[in-house]
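Peer 1: Attaching a single structure in structure tokens format; questions to follow.
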Amino acid sequence: MNKTFQTLFDTYNWDETLASINSKTAHDVEYALSKTKRDLEDFKALVSPAAAPYLEQMAHMSKMTTKKRFGNTIQMYVPMYLSNECQNICTYCGFSMTNKIPRRTLTDEEILKEVAFLKAKGYDHILLVTGEANKTVGVPYIKHAMELIKDQFSNITIEVQPLDQHEYEELIEANLYAVLVYQETYHRDEYKKHHPKGKKSNFDYRLDTADRLGKAGVHKIGIGALFGLEDWRADSFFTALHLKYLQKTYWKTKYSISFPRLRPHSGGLEPKVEMTDRDLVQTICAFRLLDEDVELSMSTRESEVFRNNIVHLGITSLSAESKTNPGGYTVDPQTLEQFEISDERSTELIAEMLKESGLEPVWKDWETFN
Amino acid sequence: MDTLKIADKEFTSRLFTGTGKFSSNDLMAKAILASESELVTVALKRVDIDNEQDKMLQSINQPHVNLLPNTSGVRDAKEAVFAAQLAREALETNWIKLEIHPDPKYLLPDPIETLKAAEELVKLGFVVMPYIHADPVLCKRLEEVGAQCVMPLGAPIGTNKGLKTSDFLEIIIEQSNVPVIVDAGIGSPSHAAYAMELGADAVLVNTAIAVSQNPVEMAKAFKMAVEAGRMAYNAKLASIKKHAEASSPLTSFLN
């Protein structure tokens, strides 16, 4: 298995793909909606402008499909930022190397303090996040942090710099469950503009990260695009293409999709392409109608009203009360955040909202038996 | 609910249950009570015939419950007839659920031996309820030899897979002159409701109740599902539309 997604990806052309999406007709959308199993051409129709008048119908179908597969439950998770040190320049990120912000990496004591806070809130699944600073926050640091907290969480997911296969294998031995790694944008040239310096500027290495994860045998891989950098319809399609490739190739692995939109931050980049709330709902529904089983995740980047409604339309996992700066829960709330969150409600309020909506917040859905 | 007649007996409940796989006789009795089932199948091979105080039998000895011994474990018509006679003597009933499955892995019924045994047992005065594959032709043949109902499977026994044979069940239900009882494979109340919506006269459920986390609650759920399915069948289901029709808008928050 030496081939990677890159081989397939390189057979596609961004402009042609976008043109193909934009040329979809109402007939294509209706055909896609009438099928029980949908393919990537159907997905193009569902994210196309032609699908806009069908949004309500898509939402109902997405809701029913999600309910059938996942029931009335929402998986709860929470991010914990370990470090904001970063050697990359990313035009849209508050952690970008050129931003003059106070940098910190949590000590063992600070990690445990944060963990105590989150455990008291009821969380059992945690997402560890770092910037990319290999000398200070490399694999040894991440592994150490995982070992420090592994007895307290049933599920540890990381969102860190892309690693080599053997490094993932090492972390899997230390109870790693899942890895989230977003391509940001699948537009090769635009990607370069947004990542001019640092290891992250290597588009291909990042693109093949999920392959390395699949080969390492991680339980779950989360992918996605950062909407706002480029055309969201094309970026959605390439995410779907990536998903389908991974499912066929690494069939023992589970997958999740996230839908981050550009949020205000210290870098100050305005979105090149606006993705409206309506567009985001269309995208989420399109993913659900493409794949009944894939997990769809929603962060606190989105507003209260949006999150209150989207939990019924295909989303299966949700974070709450997130802090996007290291030590943000208990240690040092003053450190600059990676991005501003929008839904600032407490964990308790989010859980209450879910219950009132007829949904059960699920705090534990996995146990690692190592 | 309208009543169901098999041979000379009328049943108010269209849910038949079994006695296998429960964690205790006590739990089994409670589940059967909760199901309100009036016909309960029991494997002859599990009954201690010589012991009048057989605990399992005592557990289901309730006034409204009729015993339906089955021939589970036999491999051909000859063994089936012998087992049926033994059951009649021991349990004082001429009702028999005819099960012949020579295949120990999937327990799939042997259609040839079943037809042979049914013919003989009817001649011997039995009320024969044959467990068979969802084979419309075989059902007609069994009807011809005098079986009082047919019991086609929804999926391999014990799998909880639901009505995998629904296309054939529809044909059987459409063609049958005797009650059609869907047996084997029903894994959830919704499967049972679906069978009733299709027009089945009754369903037989054992594993799905016995193996659930709460057999008593599950038995109640099946009872309600069977009633709902029958009610829906009688009320005539609405036609299927191609697309979901919005009852309340989900995207109005975007406006």
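Note that Cβ sites are derived from N, Cα and C of the backbone, with glycine treated the same way.
No curator has checked TrEMBL annotations; they are predicted automatically.
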Peer 1: Which residue of B:GLY146, B:GLY158, B:GLY229 does TrEMBL report at the same 1-deoxy-D-xylulose 5-phosphate site as B:ALA184, B:GLY185, B:ASN206, B:THR207?
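Peer 2: Site partner of B:ALA184, B:GLY185, B:ASN206, B:THR207 for 1-deoxy-D-xylulose 5-phosphate, according to TrEMBL: B:GLY158.
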Peer 1: Taking the Cβ of B:GLY158 (1-deoxy-D-xylulose 5-phosphate binding site) as the centre, how many other Cβ atoms fall within a 10 Å radius?
Peer 2: 17
Peer 1: Averaged over the domain 'Thiazole synthase ThiG' (B:5-249), what pLDDT does the predicted model reach?
Peer 2: 90
Peer 1: According to DSSP, does B:LYS97 (active site, schiff-base intermediate with DXP) fall in a helix, a strand, or coil?
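Peer 2: Going by the DSSP assignment, B:LYS97 (active site, schiff-base intermediate with DXP) falls within a strand, counted as strand.
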Peer 1: Let me know the largest Cα to Cα distance in Å among the 1-deoxy-D-xylulose 5-phosphate-binding residues B:GLY158, B:ALA184, B:GLY185, B:ASN206, B:THR207, as an integer.
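Peer 2: Across B:GLY158, B:ALA184, B:GLY185, B:ASN206, B:THR207, the two farthest Cα atoms sit 9 Å apart.
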Peer 1: So which other residues, same chain and not among B:GLY158, B:ALA184, B:GLY185, B:ASN206, B:THR207, have a Cβ within 8 Å of the centroid of the Cβ atoms at the 1-deoxy-D-xylulose 5-phosphate site?
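Peer 2: Residues close to the 1-deoxy-D-xylulose 5-phosphate site, other than B:GLY158, B:ALA184, B:GLY185, B:ASN206, B:THR207: B:ALA155, B:ILE157, B:THR159, B:ASN160, B:ASP183, B:ILE186, B:GLY187, B:VAL205, B:ALA208.
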